[in-house]
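According to TrEMBL, the protein has these features:
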BINDING   Glu79, Asp153, Ile155, Asp156, Asp316  Mg(2+) binding site
COMPBIAS  239-248  compositional bias 'Basic and acidic residues'
COMPBIAS  249-260  compositional bias 'Low complexity'
REGION    239-260  region 'Disordered'
Amino acid sequence: MSEILQELLRVSEKAANIARACRQQEALFQLLIEEKKEGEKNKKFTVDFKTLADVLVQEVIKQNMENKFPGLEKNIFGEESNEFTNDLGEKIIIKLCSTEEETAQLLSKVLNGNKSASEALAKVVHQDVTFADAALDSIVINIPQDLMGIWVDPIDSTYQYIKGSADIQSNQGIFPSGLQCVTILIGVYDIHTGVPLMGVINQPFVSQDLNTLRWKGQCYWGLSYMGTNIHSLERAISKRNGSEKRTENSNPESESSSAFSAVISTSEKETIKAALARVCGERIFRAAGAGYKSLCVVQGLVDIYIFSEDTTFKWDSCAAHAILRAMGGGIVDMKECLERHPDSGLDLPQLLYHLENEGATGVDRWANKGGLIAYRSRKRLETFLSLLVQNLAPLETQA
């Protein structure tokens, strides 16, 4: 249903506007500044402003989608709770009210009467946004609405968002940190099978006008359903290759044998880093944000995003997974991949999005427990896994 994808693009841009406004409007920026003072949380505010920005973005996405597609909200899930308790012990449910004035009044309760900040935030929340992709106009596809679940990560890489570094230099197009690592992630999955169907990644801070200091962003999307695979990077690929449209493996032999590149977290295990060094040489990049690292794979800046820990969640990976599926790639469970015998004939263990982890509580119910590997080419992934296993074995023996 391309209408839903068009609306997801629009609400992701609305969310990006909120994220940008919180950095660019003085009344809101001053609240963000408070977040930098570690150890001395501002007693004036009922809730840290970062959480409020997160929740507002999440609620804007949920309520806009519900307005356009009644009944969908019950299947939209996110990281944040929208319930706050103020200094008087009152429980306040954050929601998008019917008017800007009502939303400002509600936000004022949470921000302990900070009128200018509440009004500035309500104004951007209620601003209408026109945002679409003409490529979707020609797509006729019917995905039943009651089949869809949606994972939302309203502001991924919140530490980079609060820190707000705008002058970080990229390394071969990959930013190790800074505002470019901030993403808004919306992933649609089949609630019966857990398979990702549609994904939107909005990168609110891509380039900054040095005169106005205003930021422009970029949006990426993909759809994979019943044999239909389409994504926003197809035109970019076509332009790069002239009139010839590139398929996923235009030259499989040369592609599978060329050097690998990977993006990793700064907290990756030493054994994994050592094995990767043998597989990728110096083509290992470090970057902040699970969403941004996945986006680096989507953009073709690296072959692989690998993370061995269990501290990413369904909302971190669903959007990129759907886009990568549309490109012929995917996101797999790293632990299961390493335990899987390459000649077993078993399918790759793709991440699924509909089931909780047994015995887990809290957010851990939705953790990607076995770590993950994001990739664009299955053939490249198979070769990479073979090399990684070979190079991990001697390291594990030494340990």
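Backbone N, Cα and C atoms are what each Cβ position is placed from, and that goes for glycine too.
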Determine which residues of this chain, when Glu79, Asp153, Ile155, Asp156, Asp316 are set aside, have a Cβ within 8 Å of the centroid of the Mg(2+) site's Cβ atoms, and list them as they appear in the sequence. Asp54, Val152, Pro154, Ser157, Thr158, Thr183, Ile184, Leu185, Ala290, Gly291, Phe313, Trp315
Tell me the Cβ contacts of Asp153 (Mg(2+) binding site) under 8 Å, same chain only and six or more apart in sequence, or just say none. Gly78, Glu79, Thr183, Ile184, Leu185, Gly291, Phe313, Trp315, Asp316, Ala319
Counting other C-beta atoms within 10 angstroms, the emptiest spot among the binding-site residues Glu79, Asp156 is Glu79
